[in-house]
């Protein structure tokens, strides 16, 4: 009597739990194989009950639901018609060569003894040929078993072996479990091995994600007959081509009823629905974190194992996820597929484009609960919140100064390194910060809009103008708590306080000498490097400090010397024009022989040299001696 074929006789039995463990690619592959099995059964003359079950499978219905509906059994009328129908071999069915892959798919879950046309084919030589082909196929699978791709997929292959009859040719030594086909034997071995590689000697490619191994296995075993007319890409399965076409058309037929989000594949929608239900059935044994999808758990576990299977061929950098490798490779290729439609700016990642577009839309979705200030990026909000809590997480390793923003620390560190990346295009002068360069450029534009009513002096910036007015008012708002000294500017007070603390945070790496201020360290370092950035345009002579260049320029300009209004003394430089203090301030040092007084000990010592004839600096060309090295330098 002929047996009636049902969906469960062709399909691999997946429970609901097992089906949910599969990722999208594995589910699509399952549907393709089952539909191919159905096509082969029909072409060989089988009597199939409920063909609409395969139609439901093609539309995306889960196989465990189809099997559940099928348990109601066939109607008696259908069964009787199938029993009485004379099944004859189709003309020329064995005249063509039956591919091994088709035989494997037909015979994977069935031996020839359980086929419904068994009685009708008794004694037929063609039927015997099919049996021989099946056995030869099994042998071929056994011979090629070691070359086939292996991968670890417990949830896919830990299935019920529902075989009615047939010899079990392959026995697995570890458990003593038997299998009817070499492919089942190979699949079962995957449970006991953690190796994940493609065994094709010609390609030598390696993979770890299960879905890629399955897809890659299909590439090596199945001829690609379905070609996309848009881009020329070919596929071995019609459903793969159908899904691929949606990339070009943008079609997303599967829509979520809760949020309206659409997807290209039904399996993607099924995974998405778990977001709304909150279902997370896959839990990490290491940390207890749960996931809604098994593939997410697999990727997460690589954090604990440190496994990074995806390696960049350019720089050999490894990644735990393939998507991370793809994004990284864009650094080498320069590819920026995400382009802003507003300004044309391109980005390597979609998230970067999303953030950039907020500049055009003005959207600031991250709001501070303390003050209501909104930000475009969450990272900016996180840093802003440090203002309210007083937290300064960014600390300078050189001097210990801390900042709220990482950008402020980066700018501060230029003081220690001496780096001045901002250069004036007009005069070539460099600056540590962009704001300093912007202020400097106003000098060339000669925009001095702030004028002092007291003395008529003009200033570029309002802050400079305000500080200048304190000279006339005598206002000194900044007082030192240690000694009570007052200052015009807060920066002057900060520098002064270092005298009391004795802290010299700016240390020269060459000689170990420490300084109170970064500018002192910068000037000092030029002694080691020999750098002389200040060049005279008249004669080309260069100097370490700007003040030296200023003094030198007076040689070319014939500038009038500095003269004292109270006496007839004349000085070559303003820095030595201190005789005014003799007339206006207390005299600290007195020369006993001549009764002269001086406001500074250094001037007093220099004055003594006049009478003791200690002149140690001699200019050979003029044979002129000087009582001070500074006067000797000033003449140069």
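Any Cβ shown, glycine's included, is placed from N, Cα and C.
Copied over from Swiss-Prot, here are the features:
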- 5-76: domain 'KRAB' (DOMAIN)
- 196-220: zinc finger (ZN_FING)
- 226-248: zinc finger (ZN_FING)
- 254-276: zinc finger (ZN_FING)
- 282-304: zinc finger (ZN_FING)
- 310-332: zinc finger (ZN_FING)
- 338-360: zinc finger (ZN_FING)
- 366-388: zinc finger (ZN_FING)
- 394-416: zinc finger (ZN_FING)
- 422-444: zinc finger (ZN_FING)
- 478-500: zinc finger (ZN_FING)
- 506-528: zinc finger (ZN_FING)
- 534-556: zinc finger (ZN_FING)
Q: Give me the mean pLDDT over the zinc finger (534-556), rounded to a whole number.
A: 84
Q) For the zinc finger (422-444), what does DSSP give as the number of helix, strand and coil residues? A) 11 helix, 4 strand, 8 coil
Q: For the zinc finger (422-444), could you work out the same-chain residues 6 or more beyond its ends whose Cβ comes under 8 Å from its Cβ atoms?
A: 411, 414-415, 460-461
Q.
Give the nonlocal contacts of the zinc finger (478-500) in its own chain as ranges (CB under 8 Å, at least six residues past its ends).
A. 467, 470-471, 516-517
Q. Apart from its near flanks, which chain residues at least 6 from the ends of the zinc finger (338-360) lie with a Cβ under 8 angstroms of it?
A. 327, 330-331, 376-377
Q. For the zinc finger (506-528), DSSP counts of helix, strand and coil?
A. 11 helix, 4 strand, 8 coil
(Q) What does the DSSP secondary structure composition of the zinc finger (366-388) look like, as residue counts for helix, strand and coil? (A) 11 helix, 4 strand, 8 coil
